[in-house]
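Q: Before I ask anything, let me first share the structure, which is written out below as structure tokens.
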Amino acid sequence: MQTLDLIVIVLYFAGVAAIGYFSSRKSLTDSKSYFLGGSGVGWMAIGASLFASNISAEHFIGLAGSGAAGGLAVGQFEWLACLILILLGWLFVPFYLRTGVFTMPEFLELRFNRQCRTYLSAISLIAYVFTKVSVAVYAGALVLKTILGWDIWLGAIVLIVATGAYTVFGGLRAVIYTDFFQAFVLIGGGLFLTVAAISQVGGPSVLFQKLPLGFFNLWKGVSHPDFPWTGILFGAPILGIWYWCTDQMIVQRTLAAKNISEAQKATLTAGFLKLLPVFILVLPGMAGHVLYPQVKPDEIYVTLVHNLLPTGIKGLVVAGLLAALMSSLSSVFNSSSTLVVMDFYHHWRPQASEKELVRAGQASTLVLVGVGLLWLPLIGLMSNQLYLYLQSVQAYISPPIAAVFLAGLLWKRANGQGAFAALLTGFVLGSLRFVAEILLKLQKISPESFLGAYASINFLHFAILLFVVAGSVLALVSLLTLPPTASQLQIFASTEGPTETNKKAPNAAALFLILIVLAMWFLLSPLMGFKG
């Protein structure tokens, strides 16, 4: 790493610090200004923030690695997100904004009962603290050690403290505006690497000639271990609805919008930006497969950065990686503090003043920063594989959450007893899958046993199974118990009839985005000769 690269990285940190400082200067006198940015943030900033908070170091390493190993198929998750983001803006956001909720668990209480709220709050917080914070710290420290040669402890401390500072004092507004800046940095770095990698191969036509046709096929067979078309078409959207439409870390940004149409423009902005990762992350990985066939897929991205980029540009790409890491970490800090304060502290102290709620939010964010630092001694003890296991927990309990939210919005007969029964059923079945998978990896159970077969189901197919079971439990219990009360159906009263959504929704842009995704699906399919 040359001096010019280090200067670029220092300038990046200076930019983040400046944006965080100026964002935090705005008065944070009440909970709405701290947790929701005063509900006055522009749609472009929110859209870029949605994109940036989603992109993490695992995206850089994982998408490039998957591109090197198997081609474009991993991009299905990115392009499906474009469609799910439209669903967020057109189905979910109108309910969220008109009910004035701060958190997704709060919405579940309005529609169902307090039990559902407590469950989702607790599950979300546990997942954030024990998976997202730890993974972000681990990945960040690893990147800084691998590329910059920093001590792993020093790198982690710098990331946590720098991110925590602007999150604690600036609230959601500071998080969104730093995300806005970071989105441009990570896109810029990705574009430079894409151009460099494809140029080194000899251009797009040479890349096309040197790779198997199967690398350009988005639709894999039903038996494909990672991306079966059945799982992509029916399972991935379930996980996508949970992540993009019901997860506090993502949805909280849309709650900062001035109104519904602004929120819809924001989700569309994020949707168009989600077209990019295939081109700035997956394609470089595919080029890396041609240039460095002997390199392991997970090492392709770092290899490309080291070998292809000139001085200065290398610093920009590293800054892009840091931007992704800090954006993810700030999202976890901010959304976790919102859950702690609005779902637990405010319930415990309903008489708390607005100023007290803001201070509680800042204090809980500081605690989370401390938790991030406490993970440091464990980093050396935990392997990559264990981190993957920890991350998979949420994937196994998210389909029931998606089922409950969808039923709550689309079926008025769904009640609190049915929703809570579905959440508990999903939790038990998901936890069983998690335990069975670990036992199978440790060879404690046979692949031919019931648990072994249960653990071996493709995770996308498992998402379909769990969604159907949870939805069936919800429907059955709801029909066998009393219908929801009038107050629990009040969310529909506030969204029925002529609304701002119908008048100002950017429907043409949404249709254009849908057509782009459909065109990609068709052009990169067996129908166009791409098989394998």
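Just so it is clear, glycine is given a Cβ too, placed from its N, Cα and C backbone atoms.
What you are looking at is a predicted structure, and each value in this text was computed from that prediction instead of being measured.
Straight from TrEMBL, here's the annotation block:
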- 6-22: transmembrane segment (TRANSMEM)
- 34-57: transmembrane segment (TRANSMEM)
- 77-97: transmembrane segment (TRANSMEM)
- 118-140: transmembrane segment (TRANSMEM)
- 152-172: transmembrane segment (TRANSMEM)
- 184-207: transmembrane segment (TRANSMEM)
- 227-245: transmembrane segment (TRANSMEM)
- 266-292: transmembrane segment (TRANSMEM)
- 312-345: transmembrane segment (TRANSMEM)
- 366-387: transmembrane segment (TRANSMEM)
- 393-411: transmembrane segment (TRANSMEM)
- 459-482: transmembrane segment (TRANSMEM)
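Just tell me what is around each of these and how deep it sits.
A: Counting only same-chain residues 6+ beyond the ends of the transmembrane segment (118-140), those with a CB under 8 A from a CB of the stretch are 56-58, 61, 103-105, 108, 155-156, 159-160, 247-249, 322, 325-326, 328-329, 332, 335-336, 339-340, 343-344, 368, 371-372, 375-376, 378-379, 382, 387, 390-391, 393-394, 397, 401, 420, 423-424, 427.
Long-range Cβ contacts of the transmembrane segment (152-172) within its own chain (Cβ-Cβ under 8 Å, at least 6 residues beyond either end) map to 13, 16-17, 19-21, 23-24, 28, 33-37, 41, 136-137, 140-145, 178, 252-253, 256, 322, 325-326, 329-330, 333-334, 338, 358, 361-362, 365-366, 368-369, 372-373, 375-376, 379-380.
Outside the transmembrane segment (184-207) by six or more residues, the chain places 12, 48, 52, 55, 273, 276-277, 279-281, 283-284, 286-288, 290-291, 304-305, 308-309, 313, 316-321, 323-324 with a CB less than 8 A from a CB of the stretch.
For the transmembrane segment (227-245), same-chain residues at least 6 beyond its ends with a Cβ under 8 Å from one of its own Cβ atoms are 70, 73-74, 76-77, 80-81, 83-85, 87-88, 91-92, 218-221, 251, 395, 398-399, 401-402, 405-406, 458-464, 467.
Taking Cβ pairs closer than 8 Å, the transmembrane segment (266-292) reaches residues 43-44, 46-48, 50-51, 54-55, 59-60, 63-69, 71-72, 74-75, 78-79, 81-83, 85-86, 88-89, 93, 183, 187, 190-191, 193-194, 197-198, 200-201, 207, 210-211, 215, 253-254, 257, 300-301, 303-304, 307, 506, 509-510, 513, 516 in its own chain, all 6 or more past its ends.
Tertiary proximity for the transmembrane segment (393-411) is limited to same-chain residues at least six positions away from its ends with a CB under 8 Å from its CB atoms, namely 91-92, 95, 104, 108, 111-112, 116, 120, 123, 127, 131, 238-239, 241-243, 245-246, 418-419, 422-423, 425-427, 430-431, 433-434, 459, 462-464, 466-467, 470-471, 474-475.
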Q: Report, as numbers and ranges, every residue of the chain located at least six residues beyond the transmembrane segment (77-97) whose Cβ falls under 8 Å of a Cβ in that stretch; write 'none' if there are none.
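A: 50, 54, 63, 107, 232, 236-237, 240-241, 243-246, 251, 254-255, 257, 259-260, 263-264, 266-268, 270-272, 274-275, 277-278, 282, 405, 409, 491, 495, 499, 501, 505, 510, 513-514, 516-517, 520-521.
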